[in-house]
Amino acid sequence: VEPSGHAADRIARLPGQPAVDFDMYSGYITVDEGAGRSLFYLLQEAPEDAQPAPLVLWLNGGPGCSSVAYGASEELGAFRVKPRGAGLVLNEYRWNKVANVLFLDSPAGVGFSYTNTSSDIYTSGDNRTAHDSYAFLAKWFERFPHYKYRDFYIAGESYAGHYVPELSQLVHRSKNPVINLKGFMVGNGLIDDYHDYVGTFEFWWNHGIVSDDTYRRLKEACLHDSFIHPSPACDAATDVATAEQGNIDMYSLYTPVCNITSSSSSSSSSLSQQRRSRGRYPWLTGSYDPCTERYSTAYYNRRDVQMALHANVTGAMNYTWATCSDTINTHWHDAPRSMLPIYRELIAAGLRIWVFSGDTDAVVPLTATRYSIGALGLPTTTSWYPWYDDQEVGGWSQVYKGLTLVSVRGAGHEVPLHRPRQALVLFQYFLQGKPMPGQTKNAT
């Protein structure tokens, strides 16, 4: 039985949680009665004195990775998880200082989201994920009616480079008056397969992590493939590239890899093994980790944590909670090769669209994003300039007619994990619809 209203979803307190000045809610929304698909959400509200703040839906990618695991627990969420999952620490740069942040685990089978139709996890794809997410939103606003008509944004990273524009398009086309969509933001996201491949391989070669021969081979084998369903020739070329890259963190080129050894292959310190375990298109899945991921895995498998979150209530999830679902990831179905047509439609509709990129990510690197956005052919209103945070260069930005591109200096794939302060600055400017701040005049 769906609880009446949102009060039943209020989180009293999470195990090991510090005292806070904001409310949290979590629970399930059934998106397909027939199939028994139910999506899990976590809402971290802004404090009372920041209200009425906008509502922002955050989506992680994969496909098959949990927004609770990544976004909420090691990036922009209110807390970071302590080693061994022993408790939580307040994140000084949490995004719910300035917005009400809603994390959604999707599709069903990811994180705490579940389905009673076991075949669902073998048949997921972009289209059903978008429609289920839309169904989730429509019902969520009924459970939280005080958020109806509130300024609403959709944001996400990585494979959410598909989810975010696809869901934004559905919301925009639905003309649902309750959902007041103002814009979207994508970080280190897949945008256009061809341009993303071109930019990714160029970045690898440019940063000296593949040989000249392999660079040529990657371009010959992969450029006309789908990112999600590469050909055997492209797979073989990326295997060679992976061997050449060695044991580095492709999600954050210049930070150490986690060296906690563990029996499972996904947490093995051998990167080639780690990447193989993440499916056929190795640079899309999983996430940056010197070990933060392990802490989340320990924490969210605690029964007291699940009870506090109203998650896995019946104990029906007879499997270990995981940050990502390999099954969903390796059996992904429809994945359009380009989001550019959606960008064009939503730019024309006047939505606020920002694309940001951590410039040390080698998985969906800045170069890929610059080529993909360049392919839109938008006129420039402010050309590439350095933006500043506390008189230091935080990154660079270019403002186009209808779209703002921002790089974040020294950040990997998960920008708020690596550069939490700069990420919060970026988020605040996005919400205000103001360009990133240039050098202040009075600086020495």
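Cβ atoms here come from the backbone N, Cα and C positions, even for glycine.
Swiss-Prot lists Ser158 (among others) with the feature active site. Ser158 (active site) counts 30 other C-beta atoms within 10 Å of its own C-beta, drawing on all protein chains shown.
Swiss-Prot lists Asp361 (among others) with the feature active site, giving experimental evidence as the kind of evidence. Annotation note: Asp361 (active site) sits in a coil segment as assigned by DSSP. Counting only same-chain residues six or more apart in sequence, the Cβ atoms lying under 8 angstroms from the Cβ of Asp361 (active site) belong to Asn188, Met250, Tyr251, Ser252, Leu253, Ala411, Gly412, His413.
Taken from Swiss-Prot, the feature active site covers His413 (among others). Secondary structure at His413 (active site), as computed by DSSP, is coil.
The Cβ neighbour count for His413 (active site), using a 10 Å radius and every protein chain shown, is 30. According to Swiss-Prot, the substrate binding site annotation covers Asn60, Gly61, Gly62, Glu157, Ser158, Tyr159, Arg409, Gly410, Ala411, Gly412, His413.
Cβ neighbour count for Cys222 (disulfide bond) (all protein chains, 10 Å cutoff from its Cβ): 24. In the three-state DSSP scheme, Cys222 (disulfide bond) falls into the helix class. Positions annotated as disulfide bond by Swiss-Prot, on the basis of experimental evidence: Cys222-Cys234.
There are 13 other Cβ atoms within 10 Å of the Cβ belonging to Asn116 (N-linked glycosylation site). Under the heading N-linked glycosylation site, Swiss-Prot lists Asn116 (among others), citing experimental evidence as support.
Of all Cβ atoms in the protein chains displayed, 14 besides its own lie within 10 Å of the Cβ of Asn127 (N-linked glycosylation site). Swiss-Prot lists Asn127 (among others) with the feature N-linked glycosylation site, giving experimental evidence as the kind of evidence.
Annotation comment: Swiss-Prot describes Asn259 (among others) as N-linked glycosylation site, evidence class sequence analysis.
The N-linked glycosylation site feature in Swiss-Prot is assigned to Asn312 (among others); the stated evidence is experimental evidence. In the three-state DSSP assignment, the secondary structure recorded for Asn312 (N-linked glycosylation site) is coil. Around the Cβ of Asn312 (N-linked glycosylation site), a 10 Å sphere holds 21 further Cβ atoms from the protein chains shown.
Secondary structure at Asn318 (N-linked glycosylation site), taken from DSSP and collapsed to helix, strand or coil, is coil. Positions annotated as N-linked glycosylation site by Swiss-Prot: Asn318 (among others).
Cβ packing within 10 Å was compared across the recorded positions Cys234, Ala411, and the lowest neighbour count falls to Cys234. Using CA atoms as reference points, the recorded positions Gly62, Asn116, Cys234, Asn259, Arg409 were checked against Ser158 (active site), and the closest is Gly62. Looking only at the recorded positions Asn116, Asn127, Cys222, Asn259, Asn312, the one with its C-alpha closest to Gly62 (substrate binding site) is Asn127. The CA atom of Asn116 (N-linked glycosylation site) is located 23 Å away from the CA atom of Asn60 (substrate binding site). Comparing C-alpha positions, Asn60 (substrate binding site) sits nearest to Asn127 among the recorded positions Asn127, Cys222, Cys234. If you compare Cα positions, Asn259 (N-linked glycosylation site) sits closest to Arg409 out of the recorded positions Asn127, Cys222, Asn318, Arg409.
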